[in-house]
Every structure is written in C-alpha cells, then in structure tokens.
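Input: a single structure, listed below in structure tokens.
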Amino acid sequence: MKIELAKSYGFCFGVKRAIKIAENSKNASTIGELIHNSLEIDRLKNNFNVKTLKDISELKNEKKAIIRTHGITKEGLANLKSRDVEIIDATCPFVTKPQQIVEKMSSEGYEIVFFGDINHPEVKGVMSYSSKNVYVILDESELETVKLPSKIAVVSQTTKKIEKFTKIVSYLMQRVKEVRVFNTICNATLENQEAVRELSSRADVMVIIGGKNSSNTKQLYLISKNLCPDSYLIESENELELKWFQNKKLCGISAGASTPEWVIQNVINKLENLTHKDS
C-alpha cells in the first residue's frame, strides 16, 4: 500500500507562532487551551511548564498569562488588564482580523451574520466586539425566521468551509438591501481543504490527524469522508487499526492546523509498520 501526504497539511502560521510564544514563556499559564491538540498541550506543560487554565477566574498567583490562538472576549481582555499579570498575546492575526471587522462594522450600524460554531472560543471572542445584534449560524436556513435588517456584515469563523460560506452570502444577497461580505476564512484553511479534497478523490482510505475538538480538523474529515467513505479521524498513532488498510492501494494522510509534525510522523511510522507486517 502506498502512503501519500496531502500537498498542504498540518501546522498553520498562527499555531506555529503561538507554539513559539509559549516555548519562550516558561512557567506561564494559558487562558483556555492554547491550541486544540492535547498532545502538544502536554508537551508544552512537560517541557516548558506552560499550564492551561479553564478561564480567567482560575488565575491566582501566576505572573504570566497567555491569550490562546482563538483569542479572548473584549470583556475578558479588560479583566486581564485589571490584574497584576503580564499579558502575552498569542491570538492568531487571522482571528484578530474578524474581531476588528465586527467592531468597526457594528459601530457603523451593521448587524452581523457570523458563520461559525457558537460555542467555539474564537466565535465567542469575535462576537464580543459587536455593539449590534450578532446572528451566529451554521446554515442559511437558520435565518428563515429572522427579520433581517437592511444592513448586514457577514464574517466567518476562520476554519469553516468556503462552499458553505458562499451559500450563506448568496442567501443574504437575495434578501437584504446592503450586504458587506468579509471572507475571514484563513488561507491555510482553504489550502488544507483543497489539498484534502484532491487527495481523498483518489485514495481508497484516508487518515485525518488532529484533535477531536479542533474545528479545522473536523472540516478536513468531513470533506474527506464525502469523497472517500473509508476516512478516519485520529489524534495519535495508537488509534490506528490494521483492518482499515487491508486490500487498500492508496492511503492518503492529512492533518489539522494544530497537529504537530512529530505526531504526524508517529502516525506514518506506525502505519508503515502495520502494513509492512501485514504484507
């Protein structure tokens, strides 16, 4: 069986930047998980004593607080600034962008339609910057019962699928007088999605590596599953099962934006050992 990596996969700019910040901030604490990958979170804790707090209320005698890649709410930032703690901002610049857009557009009288998961920390953070109504949706059908205003600005969670975003935009363009569209899906997300789409259309088994709570990894898995029914989402090599690869000729591999290279390599090594023993 041949193993092929997607043309674009793994760590994105924002995650690489955040990891470097954390490694240079020994003994700091992150407000929430720095990234959605438990294995990398454990490595940072073990090697750099970077701890994870659930929220700001858990801050006690910590000297340094790191803001996670997904950002923080406007109120949370004000709370942090009121404390005697050094603030280290690891928010991805691509997440800061929709925060700024939402703050500006709402101040100009636009209500916000936000394509995203309402419980995701990135979405909570961006929402908090709006002074107007924010409609957080995953599907355009959720707007059918909403009395839409005459002015709307549309943004997306950075890790969502572009196809769905364009459907939502199209729906609004047909019903709202003035629609301002901001494509805030980041380039790394688009490139990884396009690469997994291409590979899964050829492979007869796909392995997507990443945190189960990672939005961008989940999107890669859904794209892959649609084109290659034998697609599997795993966090580490320990989840691989030999039966997935029996009688398969091409195994495609992709990984989420918060999946470190060492985890990906462990999966490839285990996969090669598994299939070698079986041959």
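Quick reminder: no glycine exception, Cβ is built from N, Cα and C everywhere.
What Swiss-Prot annotates here:
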BINDING   CYS12, CYS92, CYS186  [4Fe-4S] cluster binding site
BINDING   HIS36, HIS70, HIS120, SER214, SER215, ASN216, SER258  dimethylallyl diphosphate binding site
BINDING   HIS36, HIS70, HIS120, THR158, SER214, SER215, ASN216, SER258  (2E)-4-hydroxy-3-methylbut-2-enyl diphosphate binding site
ACT_SITE  GLU122  active site, proton donor
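Sequence features annotated in Swiss-Prot and their locations in the structure.
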residue	record	contacts (Cβ under 8 Å, 6+ apart)
CYS12	[4Fe-4S] cluster binding site	CYS92, CYS186, ALA188, THR189, ASN192, ALA257, SER258
HIS70	dimethylallyl diphosphate binding site	GLY32, THR91, CYS92, VAL95, HIS120, PRO121, GLU122, GLY125
THR158	(2E)-4-hydroxy-3-methylbut-2-enyl diphosphate binding site	CYS92, PHE94, VAL95, PRO98, GLU122, THR184, ILE185, CYS186, THR189
SER214	dimethylallyl diphosphate binding site	HIS36, ASN37, GLY256, ALA257, SER258, THR259
SER215	dimethylallyl diphosphate binding site	HIS36, ASP117, HIS120, GLU122, GLN157, THR159, LYS160
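For ASN216 (dimethylallyl diphosphate binding site), the Cβ neighbour count at a 10 Å cut-off comes to 28, with all displayed protein chains included. Listed in chain order, the extra residues whose Cβ falls within 8 Å of the Cβ center of the dimethylallyl diphosphate site residues HIS36, HIS70, HIS120, SER214, SER215, ASN216, SER258 are ILE35, GLU122, THR159, GLY211, ASN213, THR217, GLY256, ALA257. When the neighbouring Cβ atoms lying within 10 Å are counted for each of the binding-site residues (HIS36, HIS120), the highest count belongs to HIS36. The DSSP secondary structure for CYS12 ([4Fe-4S] cluster binding site) is coil. A helical conformation is recorded for SER215 (dimethylallyl diphosphate binding site) in the three-state DSSP classification.
Most buried of the recorded positions CYS92, GLU122, CYS186, SER258, judged by other Cβ atoms within 10 Å, is SER258. The residue listed as 'active site, proton donor' falls within a helix when secondary structure is assigned with DSSP.
In this structure, THR158 ((2E)-4-hydroxy-3-methylbut-2-enyl diphosphate binding site) belongs to neither helix nor strand by DSSP; it is coil.
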